[in-house]
Amino acid sequence: MENPPNETEAAKQIQPNGGKKTKGGIITMPFIIANEAFEKVASYGLLPNMIMYLIRDYRFGVAKGTNVLYMWSAASSFTPLLGAFLSDSYLGRFLTISIASLSSFLGMMLLWLTAMLPQVKPSPCDPTAAGSNCGPATASHLALLYSAFALISIGSGGIRPCSLAFGADQLDNKENPKNERVLESFFGWYYASSAVAVLIAFTGIVYIQEHLGWKIGFGVPAVLMLIAALLFVLASPLYVTRGVSKSLFTGLAQVGVAAYKKRKLSLPDHHDSVDCYYHTKDSDLKAPSHKLRFLNKACLISNRDEEIGSDGFALNSWRLCTTDKVEELKALIKVIPLWSTGIMMSINTNQSTFQLLQATSMDRRLSRHGSSFQVPAGSFGMFTIIALATWVVLYDRAVIPLASKIRGRPFRLSVKLRMGLGLFMSFLAMAVSATVESFRRNKAISQGYANSPNAVVDFSAMWLVPQYVLHGLAEALTAIGQTEFFYTEFPKSMSSIAASLFGLGMGVASLLASVVLNAVNELTSRNGKESWVSDNINKGHYNYYYWVLAIMSFINVIYYVICSWSYGPLVDQVRNGRVNGVREEEELLDIVGKGFEKEDLSAVSKAN
């Protein structure tokens, strides 16, 4: 059984020549991972019950409150792209994480103040009392609330994309032959610790809010965020820090402009091309790749005297770019189709509102005979996290070592295969959700609860667990796989952007989930019919809505197979000389679950 890299090995990764380790290594992992974990406990702990806080304390309707949370979720997913840009191009990862941690803490402090100070939110009011006049929240009330949400989103945008890349910086070394395995192990354990943090948020923080009130329920996350920020900053002397490249996005834009300006030029033959392309002296990339060749014209030297100065640098970066910049833009463009396949999975995981309504209407006792403890409806998400963390641990500590021992050679599931399996699991999760909801709805109607949406049906909520488990497996395979895929495929200068792309997909998914929901609601409620997504869960057809998502998910799996085949071999495969034309066909077989023979071939090539 292979253990995680020890501190000596990590030191050699940072300094391949075996010199004395001064910075980086395993010793930095507790501080980096703790910062991310505490941020997740704090921020995710606010989400499950936030709709109840908005309804009860701010008098929001269900629709308005849900829309606000959708926008908050989308903002928290979009801001990582901005954070990654600032980190890679201007601030560096350490400074970005430090500022973001402070922003998250301030946001949670403001949210805590909304619970502590009665004057910053509407006065308590009972709308059912005779003569009561319960007015809505004022603009000033909402300004403080939305400011808290904004600061928390800004904090998430700086921490989430940078922590993963910053941690990888402490261990990553392309010259180490075990580097790929080290990074895979790091990514897995990183996500496992994040999953445990979210699990604590969904259980401990939710419990505190329900039983001790909002004042303590919002205060605890603020304290945790303060501890996370302090731990991270105090360990600053231990970190390996990498330089930034100015205006990364500007450089990418320059490639597009330069390629357009030189669109009429012809590219040179392959054998004579090395001296025709502009590159920096220390660059290992003397000529661009042959994919997306129209962009190669951006680094093509048409007139050396007019385009390159005496110092060897380009006189106009909007007309002549380096080969590195060209490859950075190519890498970003190439991954967009595969990146888009993860959006559907995120749409499926965004259906927590309906799952919450399902759980609320079902028997949530752990045992239907003598047990009085009920699992909180908002805590069922913990089964997703448990499944995710369990898979990561089993895959890293049992599946890989056992399979390698049985085969007598190294074994691992390819990143493409893992992503494809995750998307298929997401499809199964929605199919199971639709099936369970059909049984629940029929049971409710047969028990006379068609007009009683708040009634508890004599049907165990434990039947919801399988769909949560499948969602967890889908995230474990696709989310981790995509992050590893982006990080290894992108140049080092784009690593934070690589880490933020999955989060960006979640932001797009939040918006598209709203579009799909509104479309289904409008189309199915025409001519006075009951909407499939009716407020009355027993009159609506949530099962039909789930089937729509299941069909979309199955189409997405087919779309992924096509995108994976079109992408071709991965960077690591090309670097290690382990692919050829046949390998691409074998990779496609992997995606549809028939390619374990390819793993045998890959393992043999590794062994040799």
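Each Cβ is built from the backbone N, Cα and C atoms, and glycine gets one as well.
Unlike curated entries, TrEMBL annotations are predicted automatically.
What TrEMBL says about this protein:
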type	residues	note
REGION	1-21	region 'Disordered'
TRANSMEM	69-87	transmembrane segment
TRANSMEM	94-113	transmembrane segment
TRANSMEM	143-166	transmembrane segment
TRANSMEM	187-208	transmembrane segment
TRANSMEM	220-240	transmembrane segment
TRANSMEM	373-395	transmembrane segment
TRANSMEM	415-436	transmembrane segment
TRANSMEM	497-520	transmembrane segment
TRANSMEM	544-568	transmembrane segment
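Scored on C-beta pairs under 8 angstroms, the neighbour of the transmembrane segment (497-520) with the top count among 94-113, 220-240, 373-395, 544-568 is 544-568. Sequence-distant contacts of the transmembrane segment (220-240), counting only residues of its own chain at least 6 positions beyond either end whose CB sits under 8 Å from a CB of the stretch, comprise 14, 23-24, 27-28, 31-32, 34-35, 37-39, 41-43, 45-46, 94, 97-98, 101-102, 104-105, 108-109, 111-112, 155, 166, 169-170, 205, 208. When the stretches 143-166, 373-395, 415-436 are ranked by Cβ pairs under 8 Å to the transmembrane segment (187-208), first place goes to 373-395. Within its own chain, the transmembrane segment (143-166) has Cβ neighbours under 8 Å at 32-33, 35-36, 39, 43, 46, 58, 72, 75-76, 78-84, 86-87, 93-94, 96-97, 99-108, 110-111, 113-114, 120-121, 137, 187, 190, 225, 239, 483, 487, 495-500, 503, counting only residues six or more beyond its boundaries.
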